[in-house]
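Per Swiss-Prot, these features apply:
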BINDING   7, 387  Mg(2+) binding site
BINDING   14, 208, 209, 210, 211, 212, 283, 284, 285  ATP binding site
BINDING   91  substrate binding site
ACT_SITE  148  active site, proton donor/acceptor
SITE      180  site 'Transition state stabilizer'
SITE      241  site 'Transition state stabilizer'
């Protein structure tokens, strides 16, 4: 059984082909610069050189057509025929309150996703375009939606409601939803295995740190709070997003700079965060390098980011009452040891003892690592995320009729005998 996982962004389409019987990725890649011009595909097959091809993709339909042609290509593909694909799993960023689990996509589901796209105007439209494009190319196979927000639908009312007019929630759905759900799900279940416990026995703080950043407080295996809110703008400092700020700042700056609502929204989402402070970088590797060479703004950007990460650990520790582990994941979380060090140092008083050598050695996306001392009461792990594996397992379980929900389903990666490939 071959499962195709798709993640459609506004100008990119990521994909992965997973062979369920062999339990391994047989191909993965990305089409970049969709719509905006100079498009190209980067196609990776284990054991082969990466294949790159320039091909104009004015829309997601052409991009997905290109992906299908590439995976069945005689020279660069891994499939003999398109009919080898058994099902498609689609990442959908926002499912609103309606979707608490992954679901088979039918007309009713697609209409419901369209109804909540006003809650994620930057993300849901390309997700929808990807679903419709893939259905056109693969009309006879099941398509499954996996929602970023679903994992967080267990949050209690006092955690997801904002202290705003209640009518805004009733009329417009204004509340905290949270994102990166599949990533938080995966690494929290892996952390439970590393702790030698079941997820229901664990209290864990997971920190997904990439260009986008989110934290999750997980109590007994379920999300009870998360840092992103109605949109992915709230929370920690991010690559280009501001995260938590005084809500009066946008109105203040709109008056000072004569900005429209659209312009201020763009600045907060695309020109703030690490980029805003440094003035030129979003890649933390560049920020770390220039900070070490004396660039004050880069140093301040790192200090701000680590300080905010540290604050969320303290906040969520108070929420959980008892903490077993903290997990770093995603690109920066997995590879950025200086940021991890800045975040964790000084937390000995609350039971977190960093092992600096272990932390520096945890610089790979292929290994799970403990970065605290053996006698640290609270453990800190670096766990490479695998959202596509969550997609795949949800799809297969839905096809087999064995899927329940993310809390109770028996994921392979939640077992002690799981081996990451």
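Each residue's number is its place along the chain shown, starting with 1.
Even glycines carry a Cβ here, placed using N, Cα and C.
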In angstrom units, rounded to an integer, how far apart are the Cα atoms of residue 14 (ATP binding site) and residue 148 (active site, proton donor/acceptor)?
16
Here the recorded positions are 180, 285; which one has the lowest number of other Cβ atoms no more than 10 Å from its Cβ?
285
Chain-internal residues, separated by at least six, CB under 8 A from residue 211 (ATP binding site):
238, 239, 240, 282, 331
Are any of 7, 148, 241, 283 (the recorded positions) within 10 Å of residue 91 (substrate binding site) when you go C-alpha to C-alpha, and if so which?
7, 148
What number of additional C-beta atoms lies within 10 angstroms of the C-beta atom of residue 209 (ATP binding site)?
27
Which residue, of the binding-site residues 283, 387, has its CB surrounded by the fewest other CB atoms within 10 A?
283
Cα-Cα, whole number of Å: residue 148 (active site, proton donor/acceptor) versus residue 387 (Mg(2+) binding site)?
10
Which has the fewest other Cβ atoms within 10 Å: 91, 241, the recorded positions listed?
91
Could you say which of the recorded positions 14, 148 has its Cβ with the most other Cβ atoms inside 10 Å?
148
Near residue 7 (Mg(2+) binding site), which residues of its chain come within a Cβ-Cβ distance under 8 Å, counting only those 6 or more away in sequence?
13, 14, 15, 90, 91
Recorded positions clustered about residue 283 (ATP binding site) [Cα within 10 Å; pool: 180, 241, 387]:
none
